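What TrEMBL annotates here:
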type     : residues                           : note
DNA_BIND : A:15-54                            : DNA-binding region
BINDING  : A:89, A:90, A:91, A:92, A:93, A:94 : NAD(+) binding site
DOMAIN   : A:78-179                           : domain 'CoA-binding'
DNA sequence: AGGTGTGAACACTTTCACAGCA
DNA sequence: TGCTGTGAAAGTGTTCACACCT
């Protein structure tokens with residue numbers, strides 16, 4: 001029960017959860033791995049393998065209880081609680097993230113926004129007032145924050161992370177296009193939109209040159 | 001030369017390219033796979049394997065010519081051209097993406113922004129005027145666009161994609177939290193920020209329960 | 001010596017196929 | 001019968017180790 005769990009499995013669990021929540025809203029009942037797989041764009045065997053890494057949640061012949069499975073996955077992912085998050089960087093991306101409703105809906109609450117720019121410090125964003133990035137450590141302590149969203153320019157990113165980690169942060173969602181160095185026990189997930197467009201560019205380019213991938217006609 | 005190339009390889013190529021461009025700016029010369037690997041956070045063997053999928057770009061005993069390797073990777077990724085892109089959705093995320101400088105820097109140019117909301121249509125964003133989403137097909141034809149950035153609410157996403165694909169779009173960067181259905185030959189890459197936070201939540205939660213991962217002390 | 005290119009070994013992930021319970 | 005849970009097989013991706021070129 002404490003073996004290595006792959007990143008893809010976690011992403012799929014997150015996806016299953018989204019589907020289960022839709023089902024919860026429209027009544028509940030039970031789902032089969034086949035149904036979940038179809039909705040998530042994977043296979044029934046994959047769904048069962050993913051879940052079986054954490055326990056036996058279904059009933060043979062019946063499937064999974066929608067509400068129960070939802071609870072289980074929330075438990076696995078650590079979503080049966082609320083996560084206070086600090087956002088560093090009040091630029092365009094930071095602002096979009098701050099307004100992003102789905103974060104709060106899932107229990108991630110941005111409790112403080114910091115920026116280095118003196119012209120931004122003090123500005124109100126809804127219920128929050130932008131604070132000086134110099135006070136990062138104090139804010140992390142004050143809010144007991146373990147997660148940080150980093151939306152600052154690349155050159156500033158590493159310094160902020162170093163300070164945040166020293167102040168107790170253990171997880172970072174990084175939007176800056178740099179590979180951050182962190183000690184063991186600190187987790188970084190990167191969102192790099194340029195990289196995604198480049199992957200798309202590759203897909204379109206290779207197809208043009210005529211790869212196999214198949215259309216058939 | 002036309003074998004299957006994994007997604008991870010493409011992402012790493014994109015990363016190598018970023019490093020090479022930094023090196024280009026600071027003089028050029030040559031790099032070894034070891035050096036590249038270190039900067040990209042991977043292994044020398046991995047770098048060589050990745051590159052060898054596309055050809056032999058290095059000189060034994062010497063390494064890779066920085067400028068040349070950059071050109072090669074740009075060629076592989078299809079970045080030796082400019083890509084016109086249509087952005088659908090002029091909300092918070094759309095706006096942040098529109099202002100995102102790194103897109104243009106890499107040859108992705110947002111040539112048109114569309115929105116369904118009549119109050120947004122006609123609004124100027126710098127050199128561009130927001131157009132009505134109803135004209136999607138016309139815009140795609142007019143601008144000869146093959147790539148779409150989707151930043152609309154989840155319920156609207158599938159319809160936009162269907163229409164865009166029918167009008168000739170072959171690649172979509174999707175920010176809506178839904179699995180899009182597309183025909184063969186159309187590529188979709190998803191950016192799901194909630195999913196990333198949930199993965200972080202899992203990381204932090206599992207560590208708390210005491211997994212192996214190792215800190216040692 | 002120094003560093004690439006690559007087959008072979010290894011590790012990890014996904015799929016298969018079926019035993020077993022409701 | 002229907003659908004889960006899971007070992008075993010197949011498939012993918014990564015690392016090793018070394019021949020070979022400069």
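Quick reminder: no glycine exception, Cβ is built from N, Cα and C everywhere.
Recorded features from TrEMBL, shown on the structure.
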residue: A:89; record: NAD(+) binding site; contacts (Cβ under 8 Å, 6+ apart): A:114, A:115, A:150, A:151, A:152, A:153, A:175
residue: A:90; record: NAD(+) binding site; contacts (Cβ under 8 Å, 6+ apart): A:98, A:113, A:114, A:115, A:117, A:120, A:123, A:125, A:130
residue: A:91; record: NAD(+) binding site; contacts (Cβ under 8 Å, 6+ apart): A:115, A:151, A:152
residue: A:92; record: NAD(+) binding site; contacts (Cβ under 8 Å, 6+ apart): none
residue: A:93; record: NAD(+) binding site; contacts (Cβ under 8 Å, 6+ apart): A:151, A:175
residue: A:94; record: NAD(+) binding site; contacts (Cβ under 8 Å, 6+ apart): A:87, A:88, A:113, A:115, A:149, A:151
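Same-chain residues lying 6 or more positions outside the DNA-binding region (A:15-54) and placing a CB less than 8 Å from one of its CB atoms are 1, 3, 5, 9, 62-67, 69-70, 72-74, 76-77, 79. Filtering of the binding-site residues A:89, A:90, A:92, A:93 by Cβ separation from chain B (threshold: under 8 Å) yields A:92, A:93, ordered along the sequence. When the domain 'CoA-binding' (A:78-179) is classified with DSSP, helix, strand and coil residues number 37 helix, 28 strand, 37 coil.
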